[in-house]
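One structure below.
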Amino acid sequence: MTAAPVIQARGLELTFETNDGPVHALKDIDLDIEKGEFVSFIGPSGCGKTTFLRCIAALETPTGGSLTVNGISPEEARKARSYGYVFQAAGLYPWRTIAGNVKLPLEIMGYSKAQQQERVEKVLSLVDLEGFGKKFPWQLSGGMQQRASIARALAFDAEILLMDEPFGALDEIVRDKLNEELLKLWSATNKTIGFVTHSIPEAVYLSTKIVVMSPRPGRIHEVIESTLPKGPRPLDIRDSEEFLQIAHRVREGLRAGHAYDE
Amino acid sequence: MKMIAPVLTVLAAILLLWYAATVWMNSQWTYDQAARAGEEVTFSELVTDTLTQKRPVLPAPHQVAVGLWEGVAGQKITSKRSLVFHGWITLSATLAGFALGTGLGILLAVGITHSRAMDLSVMPWAIASQTIPILAIAPMVIVVLASLGITGLLPKAIIAAYLSFFPVLVGMVKGLRAPDHMQLDLLKTYNASQGATFWKLRLPSSMPYLFASLKVGVAASLVGTIVAELPAGATRGLGARLLSGSYYGQTVQIWSALFAAAALAAILVVVVGIIEQITLKRMGMVQ
C-alpha cells in the first residue's frame, strides 16, 4: 500500500490565447510525483517545463485536465502554503538584510518573533550561510544570494520545494557546489522537490526521476527513473558508467522529442 | 579638487557675460543723460556709470550681491525689508504646501495602483490640472478663498500643493508599480494579502522614485508659493518683494529677491537630497 502521490496530473492542458491564435503550452500531461522524490523537468525552451511548475504552484491556471497537490487543488495548496518556490533570480529585497529576506515569508504568515528568529537561524545554517544574516544582498556573491533565496523558500517548512532553474544564471563551479549542497539538504529534510533545468548533467546528478519534455505542444516525452542511489551523491558519480548511461538516455529522449531540431 | 578649475571658469564666464550685458543694457540711460547735459561720454565713464546706476535696467552682479547682503544681514530679521523675514513667510507656506501636495500625491498614487477605476478616472484629471497655467489658477484660488475669509498661509500652500502633488503622484505610481512579475509571484506563493504586498514590497520599492519626485516637488512648491504671493498684492513674502520691486522700478530689489528664492530652492533640494541619502542608506539601498 503506497501513499497517494504528492503531485498528480491527469490529461493536464494549458492553452494560452494569443493574437497569433492559441498556443498549446501544455498538452496531455500525466505525471505522479511521490513524497520525497526529486523530480527534474528537462527540455528545450518552450516545452512547458516552467509552465508546468507554475501550474503546480497555482501561478498559472490549467485550461483542461486535472492536477492535485497534496490531494487538493493547486490553488488550495497555495493558500495552505504547502510549497516553497525558488525562482531563477534570487530576487532578494535590497532593503532587507539576508536574515530579513529569509524572515519575509514568516512575517507574512504571522510567525511570532521568537519563531522567526529560530527558523531564520536554522535555515541559514542549512544553506551554509551562518553569520551572513546581517549582510545586505549586494555584499554577497550570486551563488550566496541564490542560497539565501533557497533558505527563504525553506523557512516556513513546506513539504514541497519547487525550483525553476535556480542555478541557471550561475557559473559551473558554483553550480556544482550548490548541486551537491542541494542533495544534502534534500536528504536531510526529505522534501519533495520539483526542479526545472536546461542541463542534462544537473538533471541526472540531482534526480530520482527525470521528466524529458518536448515542445510544440509542450508535453512529456519520457519519464526516466534514475538508478543512482538516493540521497547525497558524490560529485564524481558523474564519471561513473551508470551516470553516463542515464545521461545518454536523457539526450536520446531529448533528440527523439525534437529538442535539437531547429 | 580637480573640479574647482572648471567650476570657477564657468562661474567667471557667467559673471563676465552678466557684466557685459549690464553695460550694454544700461548704456541707453547713460547716453540719454549725457545728451541732455550736452556732454560726451568716454568708454570708462560709460562702464563706471552703467555699473552704479540706482535703478538700472539690469543690475550688476555686485549690486545684487550688496542688495542680497543688506537684505539678509543688514536688517533685523523682523524688519519688513529683511529678506530673512520674507523668506520665512515664503518658506513656511512652501513647506505646508509641499507636505499637503506630497500627502495628496502619495494617497492618489496608492489609489491609482490599486484600483483600475481610479487609474482611469483620476489620472487624466491630474494630467489636465498641470496643463492649466498656474498664473491663471492662482488669482482665482486666492480670491475665492479670500471671499470665504481664508487668507494668509493656507491659500498659498494650496497653490504650492497644486504644483507639487503631480511629480509625487507620477513618481509614486511608477515606484509602486516597480516590482516585477517575479517579485509579485513570490509574494503570491506566500499567499500574501494586498496589504502585506503594499507594505513589504511596493512601498519600499518606491522609495528611490519618491525621493526623485520630492526634489522636483519641493522646487515646484516654492514656485507655487511665490506665484501665489503675486496676485493679491500681498505685502509679505519673496513674491511680494518681487512685486513691489517691479512697481517701483527697484530692479536691485527684484534681483535680490530672485536670488534669495533661488538659494532657498537650492537649500530645500539639498535638504531633501540629504534625507534621501540617509533613508536609502538605512534601508541598505545605497552602498
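Placed from the backbone N, Cα and C atoms, the Cβ positions cover glycine too.
When TrEMBL is compared with the stretches B:183-208, B:209-234, the one noted as transmembrane segment is B:209-234. Where the transmembrane segment (B:88-110) meets the stretches B:122-147, B:153-173, B:209-234, B:254-275, the count of C-beta pairs under 8 angstroms peaks at B:153-173.
Counting only same-chain residues 6+ beyond the ends of the transmembrane segment (B:209-234), those with a CB under 8 A from a CB of the stretch are 90, 93-95, 97-98, 101-102, 105-106, 134-135, 138-139, 141-143, 146, 151, 155-157, 159-168, 170-172, 174-175, 178, 240, 242-243, 261, 264-265, 268-269, 272-273, 275-276, 279-280. Away from its own ends, the transmembrane segment (B:153-173) comes close to residues 92-94, 96-98, 100-102, 104-106, 108-110, 112-113, 123, 126, 129-130, 134, 137-138, 141-142, 145-146, 206, 209-210, 212-214, 216-218, 220-225, 227-229, 232, 237 of its chain (Cβ-Cβ under 8 Å, at least six residues beyond either end). Residues 59, 63-64, 67-68, 71-72, 83, 86-87, 90-91, 94, 211, 214-215, 218-219, 222, 226, 238, 241-242, 245-246 of the same chain lie 6 or more positions beyond the ends of the transmembrane segment (B:254-275) yet place their CB under 8 Å from a CB of it.
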